[in-house]
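Some notes on the structure that comes next.
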Amino acid sequence: MVNAGDMNGSGNLMDFLDEPFPDVGTYEDFHTIDWLREKSRDTDRHRKITSKSKESIWEFIKSLLDAWSGWVVMLLIGLLAGTLAGVIDLAVDWMTDLKEGVCLSAFWYSHEQCCWTSNETTFDDRDKCPQWQKWSELLVSQSEGASAYILNYFLYIMWALCFAFLAVSLVRVFAPYACGSGIPEIKTILSGFIIRGYLGKWTLLIKTVTLVLVVSSGLSLGKEGPLVHVACCCGNFFSSLFSKYSKNEGKRREVLSAAAAAGVSVAFGAPIGGVLFSLEEVSYYFPLKTLWRSFFAALVAAFTLRSINPFGNSRLVLFYVEYHTPWYMAELFPFILLGVFGGLWGTLFIRCNIAWCRRRKTTRLGKYPVLEVIAITAITAIIAYPNPYTRRSTSELISELFNDCGALESSQLCDYINDPNMTRPVDDIPDRPAGPGVYTAMWQLALALVFKIVITIFTFGMKIPSGLFIPSMAVGAMAGRMVGIGVEQLAYHHHDWIIFRNWCRPGADCVTPGLYAMVGAAACLGGVTRMTVSLVVIMFELTGGLEYIVPLMAAAVTSKWVADAFGKEGIYEAHIHLNGYPFLDVKDEFTHRTLATDVMRPRRGEAPLSVLTQDSMTVEDVETLIKETDYNGFPVVVSKDSERLIGFAQRRELILAIKNARQRQDGVVSNSIVYFTEDPPELPPNSPHPLKLRRILNLSPFTVTDHTPMETVVDIFRKLGLRQCLVTRSGRLLGIITKKDVLRHMAQMANQDPESIMFN
């Protein structure tokens, strides 16, 4: 037997893990983080900094810097997200107009900027100026006629195909993760899942560049969802510069939640809506501290965007409206009808889009993403060009649909027949009979609506950046504007009807069709995403229509009720399930009467649970167990006979600990005994050095008894963000329940394929 002095001498060898080694506490790709452990590690770090801060002035300054690092990260995220959003907006304006013509005085000017600088522009022809030339004027010196139209048509299609091909090629070659809207993956990452590279620098760069290209190509998609992804990439980049966030995945996710708020803030010019969107729709863990920081990040991002002034109207938003008439109680009925339409459109879109995306994943179609993008772009450009409402960018279309018809409007939608004897002020134009321009606009809008509904189903989900907010709002705005014009004409021609008699006198300005477009846009966006509170706030921030909150609330709630009647999933949750991400939705209810023993593994007839013992396994035994299984961790028991639970050891940390011990210590060999106890027993003199791994052992793994209801277990997994939970009876280990076991069980109870809950 070795004496006490020898044991003390070898104590340093066995306790080498008292110094942290590289990569300990990190996670492998496509694994879930342990929220409880991350929280505990941050508490320990904070306690250590606080105690050290009393030792010297330098340590006190370091503690202050640590405390302020969160606000510094938020400031940097806001500045970069706002700058990128402003650059994207300016580039999209220029490249969208490039499909139709070019500015001769400065080719980098968009159509609007080109005519601003012209001294020869008249008010009636404010879109025409000698400096701006269509391609037909530039190439064949003709602006009218069949040949000019065909040339412009051909070049419009060519530019669209060129932009789309360049975008899909960049995504395929440099950053495959830059495709899609990014919100389903952001939700999954914020719930604790690791997808390495999804928020990387290449993804940020390629997504920013390709977002400009795809929006400019005229495809039926928006930039709002991808801007959330871009902002989260900024958040990930800046958090990696501070060890407080780079070494703690839980803290990093607090930064990403705030970055998501900044993304919506710059996407819509809606800082408060951005914070609420992050809270309601995206975030999984949202402490009060994160709420304040999200607010600050959204504020800085909005301020930066306002400084750049991309829309040239000194406002944060493109859709700013000013209506001059209030809404009336009788109008709630058409507003609710628009809510019903929004809910039905949301259901139709989700079902059709998921069916198409599933077909893309399971058939040969998925092998040709470039061909698919080119085909959809060609179809979109060919059908969109003849119709003025689909030819222009979707943001401009929504802006025109939201607008009230003032005396200075030249849009077809404002082609009413004026009364020559009218002497009212400019702002208060009474309801008038529709002219031929309005009727032309109505059937063009009807065709545009059908086209938008169909083409968006096939566009969303392709291998390019694609947002859904703007196309959904466009569908609702077109339907709403048509309903608004219908109600307006009904009120004008039948003002003696009982529903109009009390509030719509002849010669009064009763109905605002632009308001119906705004309500329809909110209803359709709500039907697709199932947002409510954040949606209403985003809409009134987006338009400045503060007094129209009640119509927006009525439409948003109705659309959610109608859509929920057909299925609880919004589009983002549906895509999460389609891709098999391990996302445990807080909104899902579990009402089945099953117990932990029904879900735990091993089941009857399966091999016994793979476990480690506290003091009877060699390094070779542990390595063999790791090699022969693919589990993420192993329970540690007193012995295989007693099965009394001691703790839980993570697979990755076991591998790293043994690898480091072999490299740094000569005495550790294959037949060294592995100890998880506090004090290993005395060993014979010739025995190999033991390896003490108690430091990597989680001594307080979460446990439940075998008779715990699954309803409680699901709640525990949701609220504590667990990776796994051990099942015991009277202190003896019976089995284990992982997050994927919970998801499989929930799928089985909902009569779905349980194997679909696998990352694909």
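The first residue you see is number 1, and the count goes up from there.
Each residue, glycine too, has its Cβ placed from N, Cα and C.
Marked as transmembrane segment by TrEMBL: 68-92 (among others). With a cut-off of 8 Å between Cβ atoms, the residues of this chain six or more beyond the transmembrane segment (68-92) that come close are 208, 211-212, 215-216, 223, 227, 230-231, 234-235, 238-239, 241-242, 244-245, 255, 258-259, 262-263, 265-267, 289, 293, 296-305, 307-311, 393.
What TrEMBL lists as transmembrane segment is 153-175 (among others). Tertiary neighbourhood of the transmembrane segment (153-175): same-chain residues 95, 98-100, 135, 200, 202-203, 205-207, 209-210, 213-214, 216-219, 369-370, 373-374, 377-378, 380-382, 385, 391, 462-465, selected by CB-CB distance under 8 Å and a gap of 6+ residues from either end.
Annotation source TrEMBL lists transmembrane segment at 195-215 (among others). Taking Cβ pairs closer than 8 Å, the transmembrane segment (195-215) reaches residues 29-30, 84, 87-88, 91-92, 95-96, 163-164, 166-168, 170-171, 174-175, 177-178, 182, 185, 188-189, 221-223, 226-227, 229-230, 232-237, 256, 393, 464-466 in its own chain, all 6 or more past its ends.
As annotated by TrEMBL, transmembrane segment applies to 227-243 (among others).
Per TrEMBL, the feature transmembrane segment maps to 255-279 (among others).
If you look up TrEMBL, you'll see 332-356 (among others) marked as transmembrane segment. Through the fold, the transmembrane segment (332-356) approaches residues 453, 456-458, 460-461, 472, 475-476, 479-480, 483-484, 487, 516, 519-520, 522-530, 551, 554-567, 569-571, 574-575, 578 of its own chain, all at least 6 residues removed from its boundaries and within a Cβ separation under 8 Å.
What TrEMBL records for 368-385 (among others) is transmembrane segment.
The feature transmembrane segment is assigned by TrEMBL to 441-461 (among others). Listed as Cβ neighbours of the transmembrane segment (441-461) (distance under 8 Å, sequence separation of 6 or more from its ends, same chain) are residues 180-181, 219-221, 345, 348-349, 352-353, 356-357, 360, 376, 379-380, 383-384, 387-390, 397, 411-413, 415, 468, 471-472, 474-475, 478-479, 481-482, 485, 571, 575.
The transmembrane segment annotation in TrEMBL covers 468-487 (among others). The list of residues near the transmembrane segment (468-487) in space but at least 6 beyond its ends in sequence, with Cβ under 8 angstroms from a Cβ of it, reads 181, 220-225, 267-268, 331, 334, 337-338, 341-342, 345-346, 349, 389, 394-395, 397-398, 401-402, 413, 434, 438, 442, 445-446, 448-449, 452-453, 456, 459-460, 511-525, 527-529, 571.
Residues annotated as transmembrane segment in TrEMBL: 515-540 (among others).
If you average pLDDT over the domain 'CBS' (600-664) in this model, you get 88. What TrEMBL records for 600-664 (among others) is domain 'CBS'.
Feature annotation from TrEMBL assigns domain 'CBS' to 697-755 (among others).
DSSP places the residues of the domain 'CBS' (600-664) in helix, strand and coil in these numbers: 24 helix, 17 strand, 24 coil. If one looks beyond the transmembrane segment (515-540) by at least 6 residues along the same chain, the residues whose Cβ comes under 8 Å of a Cβ in the stretch are 264, 268, 270, 272-274, 276-277, 279-281, 321, 323, 327, 334-335, 338-339, 341-347, 349-350, 398, 401-402, 468-469, 472-481, 483-484, 487, 546, 548-549, 551-553, 555-560, 562-564, 569-572. Only residues 6 or more beyond the boundaries of the transmembrane segment (368-385), in the same chain, are considered here, and those with a CB under 8 A from a CB of the stretch are 153, 156-157, 160-161, 164-165, 167-169, 172, 217-220, 360, 391, 451, 455, 458-459, 462-464. Residues of the domain 'CBS' (697-755) grouped by DSSP class, helix first, strand second and coil last, total 24 helix, 19 strand, 16 coil.
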